[in-house]
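S.K.: Here it is: the structure, laid out below.
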Amino acid sequence: MNHPIPQPGPSWGDSIDAIRTLVQAQDLRAAKQQLRQLQTSADDATWAMIVEIANTLRFKTHPIAVTKLRKLWRDNEQYRPLIEACVPKAGEHQHIPEPAHPYPGIADEAPGNRSGKVDQRVDPNKRVDPSQRVRTPNTKVIDDYEKTLARDERDDPGTPRPKPITDRHDYDFDALTHVATTLCVSCRLERAAIDRHTDRVQAGRGDDGLCGECRSLGRLGLPELPPGHSLADQTHARLEFLAEHFPTQGRGIFRQEWRYADRHVRPIVSAWVKAHTNPAPEPEVIRQRNESTDLNGWCENCGDYRQLVPTHASSDRGKKLCFDCEPRYRSGINIEARHSMYAAGPARETQRSLAGISNPMSAKVAGNQEESRQSALLPSIGGQGVSDPAAEYRKRMVESAREKARAAAQERRRAMGRQSTGVSRTRSVRR
């Protein structure tokens, strides 16, 4: 059914009423055409007010929308006819229909009766056989890659895969800025960064190579260079100054300069050092001695089992000598008298022990005689009297050995007396 299109009146309210009539008659095409004509003839401010009214009626409830339109009517006097035409009439309210359900009959089901499982049906006639499927362009690349990965497993089953390659590169360390500067040519301490921006450097006469303290003390620095000099000229002047004022028998100071230089200066330092210095002599390699000697053994001179002198320290490397028989370690002592004393010591102790058991008084006399004999023997052993420190040491060692032997003999006599009589005898120890 076609309805006549109402013509807009001289005011904006008549235009809105005409659009309302078309919407009520469900002639939306004519209503849209009338709205486009209204938008073309309206200015920006009027169209902004129309959009504001439409959004208010669309997104606000009826009471709130009427309240907001009333406020707009009160604040905007020139648009009052337009606002009055847009205000809903009595009985007209906003109606928002419920969204339509995509599947018929689902709205009739109760919420508790709906199943969460969705049945999917596949038509078997529409399936494509795997042998008839079209291969994608990258399928061959993927297959070759997978075959390469599984080749080791086919050749040697059970072989574990190699460990992944670990990147041990320290990217954080490489990202740091190298702030090390050159050393002072006078005190050899690290310079501050500001020492490289002096008035002399800004004038183009080169760096003096001094730190702030040495410069204030007036110490000698690098000579001035002509304007326009290169980095190689500055580096050569620094190396020549160090070679003149510092001991350079070795390359240690130049190696230190190379360590504190940047990547542009290091090749210059290496070339200059190679051309003007001689390499240090190679250190002598100490050959390891293959000859080895046991710590203890039989001395070929005295025949006793004693500590032997190492082969490399012996005067006669063909013989195994103890420290007493080795001339290098022998002091002014007659070693033969000492060996004879050590050899006769056990026999004298045995005789004295047996004599003490049979006759205690005779054992005491024998002990006194032994003491006098040892005292008479000591000066002959020393050879130089008590003034020789080695003789004094040997004398103390002999006295200590004698005391130990006397105590051991007395203990043996007590043990033999207890075994024979069953009663322990009390004897005083001679001091």
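Backbone N, Cα and C atoms are what each Cβ position is placed from, and that goes for glycine too.
No curator has checked TrEMBL annotations; they are predicted automatically.
Dumping what TrEMBL says about this protein:
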REGION    93-167  region 'Disordered'
COMPBIAS  116-132  compositional bias 'Basic and acidic residues'
COMPBIAS  141-167  compositional bias 'Basic and acidic residues'
REGION    362-431  region 'Disordered'
COMPBIAS  391-414  compositional bias 'Basic and acidic residues'
COMPBIAS  417-431  compositional bias 'Low complexity'
S.K.: Should anything in the same chain at least six residues away from the compositional bias 'Basic and acidic residues' (116-132) have a Cβ under 8 Å from its Cβ atoms, list it; otherwise answer none.
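M.R.: Beyond its ends, the compositional bias 'Basic and acidic residues' (116-132) has no Cβ neighbours under 8 Å.
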S.K.: Per DSSP, what is the residue count of the compositional bias 'Basic and acidic residues' (391-414) in each of helix, strand and coil?
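M.R.: Across the compositional bias 'Basic and acidic residues' (391-414), the residues distribute as 24 helix, 0 strand, 0 coil.
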S.K.: DSSP helix, strand and coil counts for the compositional bias 'Basic and acidic residues' (116-132)?
M.R.: 6 helix, 0 strand, 11 coil
